Amino acid sequence: MSALHGMQRWHERYGYFTFALLIFIASFLLLPTSKMVNNVYYVLLALPALVFLVVRLGRDIRPSPALLLWAGLCAWYLLVGALSGSGQYFKHVLYLALFVLLVSQLVDPRIFRTALFARGLFWVVGIYVLGSAIVYWIIGRYAPGERIIWLPGRMAGPIYTSMWLACCFALALPTWIAQRRWLELAAALALAVFCMAYVLQSRSGLVGMLAICALICAWHAMRHLRYFLILAVAAMIVVGVILFAVTEVPVMSQLFARADSGRFELWRVLAGEWQACGIWLGCGVHYTTSSTIMGGVAIQHPHNIYLALGLYSGLVSLLLFMALAIVVLRHAWLQRDPWGLYLLVALIVLNFDGSKLVGNPDELWMLVLLPIALIPNERRTQP
């Protein structure tokens with residue numbers, strides 16, 4: 001009874017949509033299928049948010065530059081959908097718009113900006129990956145050292161899971177540094193690298209960790225001119241050595257060709273098809289290519305969120321999204337919101353994987369939509 005009473009007090013303090021959003025985030029780890037996660041979103045978030053906004057006649061919506069850009073992006077999606085889509089696509093645009101509205105307007109953001117939440121989210125995701133691996137090793141589904149390609153929850157794929165782990169590390173990093181939790185930071189770094197390099201064997205997550213290191217170095221360099229000059233010279237030398245090795249050393253050239261997994265060829269093909277369809281409108285929301293790469297491998301999706309925006313919905317959607325990201329990141333910088341680092345890392349790693357933003361709830365909702373809607377949220381009182 002005391003636990004139930006405590007839960008009631010927590011609900012009264014933070015509001016229904018905050019609690020429901022936490023359940024939705026947890027469902028990506030606890031529920032095994034996308035249909036189950038979709039149902040959590042529809043029942044606990046989308047339908048209540050729609051009813052609440054209609055009953056309140058939108059009085060709780062506070063306009064902001066980010067929200068106006070979201071409105072423009074959704075309006076463009078509707079236009080592109082009218083030209084090439086279907087009823088199902090319009091429903092997905094509504095799902096996206098409702099999620100953005102409820103996260104940016106109806107959720108109390110304070111709990112998501114606490115040190116406890118930031119640290120807890122990283123450890124929960126890290127334990128989810130490591131714990132799943134240990135269970136798989138014990139039951140013999142995967143051998144130690146074999147790449148785990150299917151985790152038990154909705155966050156199942158190794159690429160997106162490693163990206164999410166890197167973003168969660170970025171979210172908690174300012175707390176670890178500010179509170180001087182050096183031992184926990186070292187343990188978290190070891191867990192993240194082990195999960196990405198050994199368990200998931202995903203380069204995308206490791207790129208995210210390298211991006212975090214580069215951003216930290218850049219931040220320190222901006223504060224101290226001497227460090228900036230040293231880092232600039234070092235970066236130029238490293239880039240020069242890499243370019244020389246890739247172009248002149250056959251072994252390095254072959255390694256680089258294998259490492260990109262055909263992405264450069266894929267991007268070149270899809271960029272050409274986008275240009276052929278029309279730069280401004282793209283190829284349509286249901287476009288599929290018949291082109292192949294690497295001697296016959298079918299292209300499943302663009303493997304780049306920015307190319308996906310342009311390919312499926314044209315240059316206007318890409319420009320609106322980039323403007324939105326810049327506005328939100330600037331807001332995060334001014335407010336010193338660690339979710340800005342989370343978002344920036346996500347935007348970096350999604351250069352190497354990622355597809356459509358419009359659709360049923362998927363990994364991109366955790367990587368992009370959640371932070372980009374949460375950062376501008378300055379709400380202080382519950383609805």
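Glycine residues also receive a Cβ, built from the backbone N, Cα and C atoms like all the rest.
Feature annotation from TrEMBL assigns domain 'O-antigen ligase-related' to 189-322.
Look at TrEMBL and you will find 14-34 (among others) tagged as transmembrane segment.
The feature transmembrane segment is assigned by TrEMBL to 40-58 (among others).
Here TrEMBL flags 65-83 (among others) as transmembrane segment.
Sequence-distant neighbours of the transmembrane segment (89-108) (same chain, 6+ residues past either end, Cβ-Cβ under 8 Å): 14-15, 17-18, 21, 41, 45-46, 49-50, 52-53, 60-62, 64, 66-67, 70, 74, 77-78, 81, 285-286, 357-361, 365, 369-370, 373-374, 376-377, 379-380, 382-383. According to TrEMBL, the transmembrane segment annotation covers 89-108 (among others).
Sequence-distant contacts of the transmembrane segment (120-139) (same chain, at least 6 residues past either end, Cβ-Cβ under 8 Å): 25, 29, 148, 151-153, 155, 161, 164-165, 168-169, 171-172, 188, 191-192, 194-195, 199-200. The feature transmembrane segment is assigned by TrEMBL to 120-139 (among others).
Remote same-chain partners of the transmembrane segment (159-177), defined as residues 6 or more beyond its termini with a Cβ less than 8 Å from a stretch Cβ, comprise 115, 118-119, 121-122, 125-126, 129, 151, 184-185, 188-189, 192, 195-196, 200, 202, 204-206, 208-209, 211-212, 216, 338-339, 341-346, 349-350, 353, 363, 366-367, 371. Feature annotation from TrEMBL assigns transmembrane segment to 159-177 (among others).
Residues or ranges marked as transmembrane segment by TrEMBL: 182-200 (among others). A Cβ distance under 8 Å defines the sequence-distant neighbours of the transmembrane segment (182-200), meaning residues of its chain 6+ beyond its ends; these are 119, 122-123, 126, 129-130, 133, 145, 147-148, 158-159, 161-162, 165-166, 169, 172-173, 176, 206, 209.
Sequence annotations record features per position, and here TrEMBL assigns transmembrane segment to 206-222 (among others).
Per TrEMBL, transmembrane segment is recorded for 227-246 (among others).
Outside the transmembrane segment (305-329), and at least 6 residues removed from its termini, the chain residues within Cβ reach (under 8 Å) are 65-66, 69-70, 72-73, 76-77, 80, 267, 270-271, 273-274, 277-285, 287, 340, 343-344, 347, 350-351, 354-358, 364, 368, 371-372, 375-376. The feature transmembrane segment is assigned by TrEMBL to 305-329 (among others).
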